[in-house]
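Engineer: Annotations for this protein, taken from TrEMBL, read as follows:
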- 280-299: compositional bias 'Low complexity' (COMPBIAS)
- 275-299: region 'Disordered' (REGION)
- 33-49: transmembrane segment (TRANSMEM)
- 69-90: transmembrane segment (TRANSMEM)
- 123-142: transmembrane segment (TRANSMEM)
- 154-171: transmembrane segment (TRANSMEM)
- 243-261: transmembrane segment (TRANSMEM)
Amino acid sequence: MKMGLLEESSRFYEWTKETKDPRTRNWFLLNDNPIYVILIILAYYFIVWQGPKFMKNRKAYELQTFMIIYNWFLVILSAYMTFEIVYSSYLIGYFSTSNPLCAQYKHSEAYKDPKEMRLANVLYIYFLSKILEFMDTFLMILRKKDNQITYLHVYHHSSILMVWWIVMTYMPGGQSWMSSSMNCSVHVVMYAYYALAAIPSMRSKLWWKKYITKFQLTQFTLILLHTLQSAFTRCDFPKIGEYMLTCYMISMLILFGNFYMKSYNQRQMEKAKKDGVKISNGSSNSHSNGLTNGYAKLD
């Protein structure tokens, strides 16, 4: 029994080595196992756990200038990656096939094609940017905004790095262009908002804040639909990638959807408080979730 398990594990390990993409096989952090990425994620978890304790009796840092620079840098980087991913995909010919929704993945010969290498290079930058985005959490810790460090926030920031280690190791091309380019385009809007929100005089003018979560939910829905159609049309892309992305997008839709509903409920309660509308028994207008302090949500 034990020998059989060891043999299966050995075969699986050899399979993972054989199926590694030749383009990224020797790139930094993309070696035969994910141990270094796992250690980075564990270090992130440790900081999330211990950071607020370290800051508990310390004064919150004023990081306005750094936040503005950091967020605008990510806006520029995200815009560059959006353009480069889409343009590289266009050069490869993903959009000129009979089925433009199916970007076929090339494994063995891709490293010989400079256009395929161009796409792999920008996807690698995208992968590394996920480590940089841990700074979002670190800034919250240093500014003592612990209420913003939610399960959704930590799960999304840590899991996306692991997901993209798998993508970059085994499938840095093909259908991978879609999810990465959409995510980058969303980040252009999101980090632009963060950069402007770091300026107190701008906060009251950011009327489009309420649309950011809707934009994110739309992104996840489109990526999920794109992945599902890829599976049903038998697009030439690794099945493990389709299964992984499907499960991941479902988890994102559930978590972000829950966040959106809670935020919506809170906005409605604040509006009700402002209007001075009181309720009885914690509900009004057929709404019953998320009601506190004797006020109802009004549409």
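Please read every residue number as a count from 1 along the shown chain.
Keep in mind that glycine also has a Cβ here, set from the backbone N, Cα and C atoms.
What does the local environment look like for each feature on the list?
Structural biologist: For the transmembrane segment (69-90), same-chain residues at least 6 beyond its ends with a Cβ under 8 Å from one of its own Cβ atoms are 103, 115, 118-119, 122-123, 125-126, 129, 132-133, 135, 139, 177, 180-181, 184-185, 187-188, 191-192, 194-195, 198.
Beyond the ends of the transmembrane segment (123-142), by six or more residues, the same chain brings 24, 27, 29-30, 40, 44, 47-48, 51-52, 54-55, 60-61, 63, 66-67, 70, 74, 77-78, 81, 85, 148-149, 153-154, 157, 160-161, 164-165, 167-168, 172-173, 176-177, 180, 183-184 to within a C-beta distance below 8 angstroms of the stretch.
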